[in-house]
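Comments concern the structure below.
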Amino acid sequence: MSFILIVVPVFIILSVGFIGQKLLKLDIKSLSTAALYLMLPFLALQTFYENELNMNYLYILLFCLLLLFGLILVSFIAGRMTNRPHSKTSAFVLAGAFMNSGNYGVPVILFAFGETGFQYAVIMMVIQSLLMNTVGLYFAAKGSKSGGTLKASLIKILKMPVLYGSISGILLQIGSVSIPDFIYNGMDLIASAAIPTIMLVLGMQLASISKKNVEMKELSGVIFIRLVISPVIAYAITVMLSLDTLLASVLIVLAAMPTAANTTMFAVQFDTEPDLVSFSTLVTTSMSIITVPLMVMLLS
């Protein structure tokens with residue numbers, strides 16, 4: 001029951017976005033742009049500013065990099081074997097390689113593994129945030145139907161304020177610089193609006209999906225990568241790195257989380273198969289109500 005209560009708020013916000021879009025026919029791109037350019041940079045800054053860097057980051061960073069490399073490789077192989085265009089392959093990477101380790105994963109880990117597991121989960125959330133705001137943005141830009149050359153993709157990333165929000169947060173944390181309360185409180189309000197807005201965008205995008213743009217074969221492939229292959233690769237990495245049991249269990253469960261909601265926003269913003277990415281987020285989130293508790297039971 002506790003696990004269900006963690007998921008319910010997610011579906012409430014999704015439903016509000018879905019119903020609102022059906023009734024009002026809002027401009028999704030405008031809301032997505034506001035979230036990406038105005039809110040997410042403050043959330044990224046806050047995430048890195050509030051979490052102290054320590055040695056555990058090195059182990060979890062290595063794990064995250066190896067997992068990301070493995071999932072990108074699997075996504076590319078899946079895309080190439082089925083002769084999919086670059087936009088589809090990039091969508092596979094977005095939906096398959098980036099998990100919801102933050103507002104979904106962290107509460108689940110706290111519930112399942114306690115305070116120590118929670119600390120590990122927060123570290124992974126921070127690292128995943130950095131990877132999503134760099135590597136994730138790169139693949140979103142690369143898969144854009146308006147052009148996806150390496151140079152064009154990198155230029156698009158450099159224009160994204162979320163990158164500079166992340167860097168600013170890291171520098172403030174390393175330099176032990178305190179932000180005055182009257183400034184931080186305003187930043188906190190904007191940062192707090194980011195996740196609900198992103199979930200609203202996801203709900204709105206789901207209301208606008210054209211079923212003809214989503215093939216079951218592609219959707220099934222993304223689901224398999226996200227919910228099955230990802231935790232299997234994660235398990236192999238934890239064995240290879242000889243991580244202690246608790247840390248290994250936390251990382252494997254987080255690797256089994258559904259697709260991150262941010263990927264939908266990136267896909268909408270860059271027109272990188274938004275229907276496939278958003279539908280993958282909905283389905284993996286729905287299925288995770290069963291798969292994640294099973295994973296926790298298995299590892300406990």
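Backbone N, Cα and C define each Cβ position, glycine as well.
As recorded in TrEMBL:
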type	residues	note
TRANSMEM	6-24	transmembrane segment
TRANSMEM	31-49	transmembrane segment
TRANSMEM	55-79	transmembrane segment
TRANSMEM	91-114	transmembrane segment
TRANSMEM	120-141	transmembrane segment
TRANSMEM	162-183	transmembrane segment
TRANSMEM	189-207	transmembrane segment
TRANSMEM	228-256	transmembrane segment
TRANSMEM	276-299	transmembrane segment
Chain residues outside the transmembrane segment (276-299) and at least six past its termini with a C-beta under 8 angstroms from it: 3-4, 7, 10-11, 14, 88, 91, 94-96, 100, 104, 108, 112, 202, 205-206, 209, 213-214, 218-219, 222-223, 226-227, 231, 249, 252-253, 256-261, 263-264, 266-268
Stretch-level contact, the transmembrane segment (120-141) and the transmembrane segment (31-49), CB cutoff 8 A, at least 3 pairs: yes
Stretch in 6-24, 31-49, 55-79 most in contact with the transmembrane segment (162-183), if contact is a CB pair under 8 A: 31-49
The transmembrane segment (6-24) touching the transmembrane segment (55-79) per 3+ Cβ pairs under 8 Å rule: no
